[in-house]
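Here is what TrEMBL records for this protein:
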- 51-76: domain 'C2H2-type' (DOMAIN)
- 77-104: domain 'C2H2-type' (DOMAIN)
- 105-132: domain 'C2H2-type' (DOMAIN)
- 133-160: domain 'C2H2-type' (DOMAIN)
- 161-190: domain 'C2H2-type' (DOMAIN)
- 191-218: domain 'C2H2-type' (DOMAIN)
- 219-246: domain 'C2H2-type' (DOMAIN)
- 247-274: domain 'C2H2-type' (DOMAIN)
- 275-296: domain 'C2H2-type' (DOMAIN)
Amino acid sequence: MSSPDCRFLRSLSSSPVSPVPSFESLPPFSLLFLLNLLKHKRIHTGENPYECGKKVTQSGGLTRHKCCTLHTGEKPHECNECGKKFTTLDNLRKHKRVHTGEKPYECDECGKKFTKVVNLKVHKRIHIGEKPYECDECGKKFTDLSNLKVHKRIHTGEKPYECDECGKKFTQSGGLTRHKCCTLHTGGKPHECNECGKMFTTLDNLRKHKRVHTGEKPYECDECGKKFTKLVNLKTHKRIHTGEKPYECDECGKKLNQSGILIRNKMLHTREKLHECYECGKKFTKLVNLKVHKSA
């Protein structure tokens, strides 16, 4: 029996009000009842008597915590599919769902399934409109903390994920993964549009491109009803309604709602002319000016 539990039972024995017999003399059933009562009461009191930096309400929780090699950094449980290692067998089991495709947690609103219950809980906030995490820079709200952290990189300029091939940096690990997988460095574009013959590095980009031919616009603005072929275009459009301008020019301080507009604004300061007419060699700072020139 752990020392905090012993102290609790001894305090009962010495209490002047309704004292109980010495806990050593208690029958096993009564002792078990008192211990369970003690553990339950900690839920209400918030008491965490077992410490190692991390606090837990029960000695069993501390035992499991100590046994899972968190302090040693050891990861004895290895996935036989990809070799990734984990500190606990439970975490390994959850990870294996990535390979098996098992998604045991289903949303009762829309039927979407998830590998983890925590992901289902975050997803459900979409249906109820709950966004508990707010950016202290621009006030934008998010359903989960991880999205807020990624969003904040817009303001800080942080891009922690770097391609070891070309040095390009990304705000999200997913962006780096897609970049590495899309054969940009090999120059290959294996996915061809059967409508116009245009080639793409990824199948996902080909699917998005095909909306040009089908006219499909699955992303609709809930403010004005305007529809878009790409989600990123909808997100950019919504800044018109929110007034959000996350991109600031370090030359003049002007704030803009699109990264592309920021690039064009910076070119005005440097007078850099990136758009060249292949007929006569004349260069322009804006693509629209080049188009006007070509049509003349």
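The backbone N, Cα and C atoms fix where each Cβ goes, and this holds for glycine too.
When Cβ-Cβ distances below 8 Å are used as the criterion, the domain 'C2H2-type' (275-296) is approached by residues 264, 267-268 of the same chain, each at least six residues removed from its ends. Outside the domain 'C2H2-type' (133-160) by six or more residues, the chain places 122-123, 125-126, 169-172, 242, 244, 246-247 with a CB less than 8 A from a CB of the stretch. Residues of the same chain lying 6 or more positions beyond the ends of the domain 'C2H2-type' (219-246) and with a Cβ under 8 Å from any Cβ of it are 138, 140, 154-155, 208, 211-212, 255-258. Across the domain 'C2H2-type' (191-218), DSSP helix (H, G, I), strand (E, B) and coil residues number 12 helix, 4 strand, 12 coil.
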